[in-house]
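Quick look at what TrEMBL lists:
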- 51-475: domain 'Major facilitator superfamily (MFS) profile' (DOMAIN)
- 45-69: transmembrane segment (TRANSMEM)
- 89-112: transmembrane segment (TRANSMEM)
- 119-139: transmembrane segment (TRANSMEM)
- 145-166: transmembrane segment (TRANSMEM)
- 178-196: transmembrane segment (TRANSMEM)
- 202-223: transmembrane segment (TRANSMEM)
- 290-312: transmembrane segment (TRANSMEM)
- 327-349: transmembrane segment (TRANSMEM)
- 356-375: transmembrane segment (TRANSMEM)
- 387-408: transmembrane segment (TRANSMEM)
- 420-440: transmembrane segment (TRANSMEM)
- 446-469: transmembrane segment (TRANSMEM)
Amino acid sequence: MCSDKDERNAEDESYSIKNGKNDAQYKILQQCQERQNKSENRKRILAQSFVTSAVMFSSASCGMPVGYSAVLLPQLKLLNDSMQIDDEIGSWIASIHSAATPIGSLLSGVLMDRCGRKLALQIASTPLILGWILIALSTSHSVLLLGRLIAGFSAGLTAAAGQVLIGESSEPHLRGMLSSIPLASYSFGILLVYALGSLLPWRIVAGLSTILPITSMIVFFFLPESPVWLIRHGKLEEAKKAMTWLRGGSKIKAKEETEHLVDRLELETQTHRKTTLATLLQPEVAKPLIIVNLFNTMQILSGTYLIVFYAVDILKHVQGGNSLDNFLAAVLTACVRFIFSVMASFLLALVGRRMLAMISGLGTAISALFLGAFLHQNCQGLDYIPALFVLIYVAANTLGFMILPGVLISELFPTKIRGLAGGLTFMLFNFTLFGVAKVFPYVKNVIGISGVFWIFGLVSLGASLFLYLSLPETRGRTLSEIEDYFQQEGFLWVGRDKRWEKKAKCGVTEKLAAKS
């Protein structure tokens, strides 16, 4: 009955019937409208979930080469042929993935701005497939390193594009949860490669790892491009179609959001055009760049990815080679990481970014400092205690520190430079990660495993303080509201939340007044 009527006509008829005191017809029409709204809501959530699912395949495929070194290195050390390694070659195998990722990250900004977010993700899967094939067929360290290098380049192309596509396709109340789900799938990729590596030879694991990127390339053919990108490239009709699909078929909602994006673009073009460097120095760009990149650096120094790269080696030192099988313990850390990344996806919709950052930072600091003190005392007969606190450390660290940087990239950067800023951020992140991963074995030998966890704990405390002072609460905010916030004076968030709330309420009041 109601499906054949235009949404606006249905609202007008509802008003007429209500004023005519025809309660029976009014109730029937209201029921039709409610059913139609529920149907649109389901379709809207489903459509945005499809986009997120496609990005999940890409993210999981990128997580696999990151975790691969943890199972590859122990297997290579046991060999008695030309592929056997020492600590020097092992550190290169673990870190070279991150050496190539910055190049891919920088190019990803240009690629997703020129070709679109969706096509950029499809292109990014090709070198990853090639990298895994080279690793599987390698007969020397140089070919193995080349495969790792190409896989790292692919990961750099993928990371920012996936977060940007989800951020531009999802609604504010879903954006936090949806933009964190690919990071959960990234953790699943690490878990998957750990599990495969504990059961199968490393060459077979490399061959099986081509399945996810191939699947990702295929799935993206069935999805629309980002409406934001389409509008910024003059493809208004395609943008309307994409937005209508993403909003569950609601043409009214799609039209409103599309018109808002067009208005924002027109406002930008009316202002004076600036060079890329000048744009990066604008407050709405420079402030989020500082926040995200400082957070990334402290996240790396808190051990988030070092535990991933060197899981088996670290657990061997933590346990002293006793009690638990180190491969099994590594798989357990990956399981915990995956479970808590999924939990974080739901918590982001309930408690917000700042609360999750504080819980994660303090939890990471306490567990790491306790573990460092315990290992320094060299307590005997309590072999399971260090392993337990490693799991607590991984859980706390994943809950916010591992998840949040990707979420913030999809939220904090303004539309006009989101692609470039995201690519630049991932480039700096991976340069830092490469350097830290490369020197980690030497630092560990100098200060010991207890000293390593003390550094993790102290950096986590510093990161918690920094985020408490500077990170804005973006839960439920539109991307335009977030951009407007960074145009205000000042850098610190502390003391500004009430003003933002007041501004938001005033905006809602103005909209209601305009409608009435």
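Here the Cβ of each residue, glycine as well, is placed from N, Cα and C on the backbone.
Automatic, uncurated: that is what TrEMBL annotation is.
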Could you please provide the mean pLDDT value for the domain 'Major facilitator superfamily (MFS) profile' (51-475)?
84
Could you pull out which residues elsewhere in the chain have a CB under 8 Å from any CB of the transmembrane segment (45-69), counting only those six or more residues past its ends?
93-94, 97, 121, 124-125, 128, 131-132, 135, 148, 151-152, 154-155, 158-159, 162, 165-166, 169-171, 174, 178, 181-183, 185-194, 197, 202, 205-206, 209, 212-213, 215-216, 219-220, 223, 245-248, 305, 308-311, 334
Within-chain partners of the transmembrane segment (89-112) [C-beta distance under 8 Å, separation at least 6 from its ends]
65-66, 69, 72-73, 76-77, 120, 123-124, 141, 144-145, 148-161, 164, 229, 309-310, 419-431, 433-434, 437-438, 440-441
With the transmembrane segment (145-166) as the reference, which stretch in 202-223, 327-349, 356-375, 420-440 has the largest tally of C-beta pairs below 8 Å?
420-440
Among 178-196, 202-223, 290-312, 327-349, 446-469, the most Cβ pairs under 8 Å with the transmembrane segment (356-375) come from 446-469
Name the range, of those listed as 178-196, 327-349, 446-469, that has the largest tally of Cβ pairs under 8 Å with the transmembrane segment (202-223).
178-196
Stretch of maximal Cβ-Cβ contact with the transmembrane segment (446-469) [cut-off: under 8 Å; candidates 178-196, 290-312, 327-349]:
290-312
Using a Cβ cut-off of under 8 Å, list the residues of the same chain at least 6 residues beyond the transmembrane segment (290-312) that approach it.
66-67, 69-71, 73-74, 94-95, 190, 194, 326-327, 329-330, 333-334, 337, 364, 368, 390, 393-394, 397-398, 401-402, 404-405, 408-409, 412-413, 425, 428-429, 432-433, 436-437, 440-441, 452-453, 455-456, 459-460, 462-463, 466-467, 470-471, 491
